[in-house]
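This report refers to the structure that appears directly beneath it.
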């Protein structure tokens, strides 16, 4: 049995909640690794790399397992999954000489394995290197056996009697979901059989130039956690553990395992080592409910306690079994403790009671809510559109104007408005939208206004559906004089006042989206930054679509992708609530593609807001103090 480094490795990396994406958890173990150390065994760790734009980028690294050729890693990688993308992964195993979690030039490469992430039969797994035998009929009727297997390129590369081909690139129409077919070809005739796709994959490690790393293998277990509805925070301590050291006290650490359906043990978490202590208090840790018990509270769990040895020969102290259901009940009753039992001692000694006691010091269960949870719980999306009527758009009567109404083709304002609005209206029960304008002289006095209703009804600026907004926009154009400047802070502040009233209710009932359509950089940048920072604390998102061919470089500062937006006074935004999209980059895209790009960040922003406020979906009726919203689709 191997332990990790003296610092524990979390089973759910990163903070919670996570961003909105389908999630796959990857667990790693290796067998028969090469031994690069002359006096001791290798100290392995695994780096996970993901291919982005043709380059391999390291996204994480496991802990170091000291002095082990058969490591089981506690670190769990959580990978975002996108159905429409080919996501290439590479696992590299090193004999580590630097600090845990960091690469170092002196690290010895022990082998690697490449694969892709896939979704057959609605189960997450790794599509790995496949070897397909092919009998090719030679010119004299002689048959030569060839093998097709995964490589980086989609084209064939001949190496001796082998062809190298990535399985994903075969694009075979007969490859059914949930299975991989192996086919043998002879003289144009085919026969095949199925290998049922599994979530556990074991493959050999390869050195440079494709050489096998001895008998070394890596096992990757992939698990879908998209349906995960919570995470658990646990804290353990122990008392009166057996002393396994002659001249000092034990150095205990604890391992928590889940018992799988095949009765095999899956490592969930490994604590840090507490030095020279028979009454250790281990640091609290978080694991997803899926990782802990596959979201089955009655699934058996097993805890093992060890005395750490730097050479990897850890001394077994004891163990106990439980379930998450039992842990919750015992903790509520104040009796969450278990005898730490060594079965060998129990069998040999009649008077033996235990090798110490393990106590569950703290248990917190946090529900995790998704964007759909809030929508299905009754949260309404209120949509407001603000249209730029400044003179820089050009005279609407001129066909070169961005506001020109062509009877045969919508202008850019209408394209953006309809594409985004048709999506938003599906989340609003009354289908009524506020429609505002800015930068124009309006009747009757023709004074410049940066906040006017385009239906010219200041008491009710809402229109019936997106078609009502389109009609109000078309009717408004001949009645106003395009002017300036491009001030948007007044409209942001107006919507923010409505959102502030909603915030005071303490319910997840209304969320506000402000769509600003403009042809240039805003003039009141300082006031706009101030208004956005204030709005970041409210149930509100802002989407800015730049129409026309102006230089929108300065607008990127409002989108917090390059850093936290700050007000002129230096106050940071609580959340990134602004998405800026230049329309010219999407003008030839379909309405669906435009809407997808423009609205991509909204689900995440909705969940982040309610997560910060600790508000559950309304229909669930969970007390706010118990809610821990997160983002799992």
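Using the three backbone atoms N, Cα and C, a Cβ is placed for every residue, glycine included.
Bear in mind that the values here come from a model prediction, so they are computed numbers and not experimental data.
Among the features that Swiss-Prot reports, Ca(2+) 1 binding site is placed at 245, 251, 307, 309. If you look up Swiss-Prot, you'll see 245, 307, 309, 315 marked as Ca(2+) 2 binding site, on the strength of sequence analysis. Per Swiss-Prot, domain 'C2 1' is recorded for 2-133, and the stated evidence type is sequence analysis. Positions annotated as domain 'C2 2' by Swiss-Prot, on the basis of sequence analysis: 212-339. What Swiss-Prot records for 382-581 is domain 'VWFA'.
Across the domain 'C2 2' (212-339), the DSSP tally of helix, strand and coil residues reads 14 helix, 62 strand, 52 coil. The sparsest Cβ neighbourhood within 10 Å, among the listed binding-site residues (251, 315), is found at 315. Apart from 245, 251, 307, 309, the Ca(2+) 1 site neighbourhood in this chain, defined by C-beta within 8 angstroms of the site C-beta centre, holds 244, 250, 252, 306, 308, 314, 315. When pLDDT is averaged over the domain 'C2 1' (2-133), the result is 72.
Take the CB of residue 307 (Ca(2+) 1 binding site) and look out to 10 A: across all protein chains shown you find 21 other CB atoms.
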